[in-house]
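Peer 1: After the structure tokens below, expect a handful of questions from me.
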Amino acid sequence: MATSKLPVVPGEEENTILMAKERLEALRTAFESGDLPQAASHLQELLASTESIRLEVGVTGESGAGKSSLINALRGLEAEDPGAALTGVMETTMQPSPYPHPQFPDVTLWDLPGAGSPGCPADKYLKQVDFSRYDFFLLVSPRRCGAVETRLAAEILCQGKKFYFVRTKVDEDLAATRTQRPSGFREAAVLQEIRDHCAERLREAGVADPRIFLVSNLSPARYDFPTLVSTWEHDLPSHRRHAGLLSLPDISLEALQKKKAMLQEQVLKTALVLGVIQALPVPGLAAAYDDALLIHSLRGYHRSFGLDDDSLAKLAEQVGKQAGDLRSVIRSPLANEVSPETVLRLYSQSSDGAMRVARAFERGIPVFGTLVAGGISFGAVYTMLQGCLNEMAEDAQRVRIKALEDDEPQPEVSLEVASDNGVEKGGSGEGGGEEAPLSTCRKLGLLLKYILDSWKKHDSEEK
């Protein structure tokens, strides 16, 4: 994710990890002061903030490439519909303009001015549109990939980011070729010629495996437009907490390892939130959130690792195998369905692990053990989610190996994280002397401080 601040789409809140940390800090303060109604309010804000992190997509290319028309087509809008991007024969985009994606409200398509247009000369374009702020790009061209497109592609690569190359107005190319060579005209051959030329130019710019889509914005049902939409949806999973990372293809072992590490942090936060909910004397709050949040989290892990039916079917198609063959190596009890019954069974099996987790945290926060003993479900939730995450990560690795088994042998690399996100695997240490009794609010405040300090330490190490 880009960390620089982008202009906020009017009427929408910009949800970021930083804001989640700020809410968690406010939650800790409310607990320590004993203000339970305020704590409940902050808790609900925290839950909402973890559900979405924005993904900013820059739609770039030269003036007249059809960027605005492509955005409208992707959003299912005509040029005259309310909220449609402005289109025209002259350059209509003078500054970056945001448009929300209809199926993914946390994804914003940014209509960027034309590269090399009078308002954005080539030598100032990258700085003027703040090119580095976008997470992903649609590089749009109305011709067979010239100097403007290769320069933009090289810049995207320099930033370590990805893009789709969208070649627009292929209907005009086909019509012109049909007129010029009526006797030997073959549509498929002309389209392949265009695709090959674009691929060659992009490879010359350093793009090893360019993703090329030939479209007509005026005929979105034809050519590669349906494939562009399905690829787009596949690469933008509904799990929005780590949008940029989670859109990486699951075929990559490195991607699996990164996904597991990121989701492991989410396990700790989810367990914390549910533990806090259990401690709040707010009638009905725990019942309303427990099952729903657990199921939501587990389904998110399931989709993120590509273990759902749609992801398996698409992967099977890509590698020329049957989806059933890939599914056969999945061992997790959540392979078929993440149901309330399955979650309850797994939750009930987590009591032993819960005590180990509680003892581990008790070494860092001596009062934590009494908090767990008082009925807090933190340990059981953490143990269950951690176990499910481990199983799904290993399943994703087995699926990857199965998908590639006809290629070079793939060693089954363990995806275990050494320290379970800071929770050691040993027993509890020797306790000290007697401590003065602390209120539940104070205990929860200490726990939240522990989590915040861990995050701050992690951030400082990354810097």
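Each position is counted from 1, following the chain as shown.
The backbone N, Cα and C atoms fix where each Cβ goes, glycine too.
Grabbed the feature section from Swiss-Prot, which reads as follows:
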BINDING   62-69, 87-91, 169-171, 216-218  GTP binding site
DOMAIN    53-235  domain 'IRG-type G'
MOD_RES   SER247  phosphoserine
MOD_RES   SER304  phosphoserine
REGION    404-437  region 'Disordered'
Peer 1: Out of ALA65, LEU218, which has the highest number of nearby Cβ atoms, where nearby means within 10 Å of its Cβ, if these are the binding-site residues?
Peer 2: ALA65
Peer 1: What three-state class does DSSP give GLU62 (GTP binding site)?
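Peer 2: For GLU62 (GTP binding site) - judged by DSSP and reduced to three states - the answer is strand.
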Peer 1: Starting from the Cα of SER304 (phosphoserine), work out which of the binding-site residues (GLU62, ALA65, SER68, ASP171, LEU218) are within 10 Å.
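Peer 2: Of everything listed, nothing lies within 10 Å of SER304 (phosphoserine) (Cα to Cα).
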Peer 1: Given the recorded positions SER68, SER304, and counting only Cβ atoms in the protein chains shown, which has the most within 10 Å of its Cβ?
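Peer 2: Per the Cβ count within 10 Å, the most buried is SER304.
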Peer 1: Which of the listed binding-site residues (GLU62, ASP171) has the least company, meaning the fewest other Cβ atoms within 10 Å of its Cβ?
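Peer 2: Taking GLU62, ASP171 as the binding-site residues, the minimal 10 Å Cβ count falls on ASP171.
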Peer 1: Is SER68 (GTP binding site) helix, strand or coil when read with DSSP?
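Peer 2: SS state of SER68 (GTP binding site) = helix.
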Peer 1: Roughly where does the domain 'IRG-type G' (53-235) sit in mean pLDDT, to the nearest integer?
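Peer 2: On average, pLDDT over the domain 'IRG-type G' (53-235) sits at 83.
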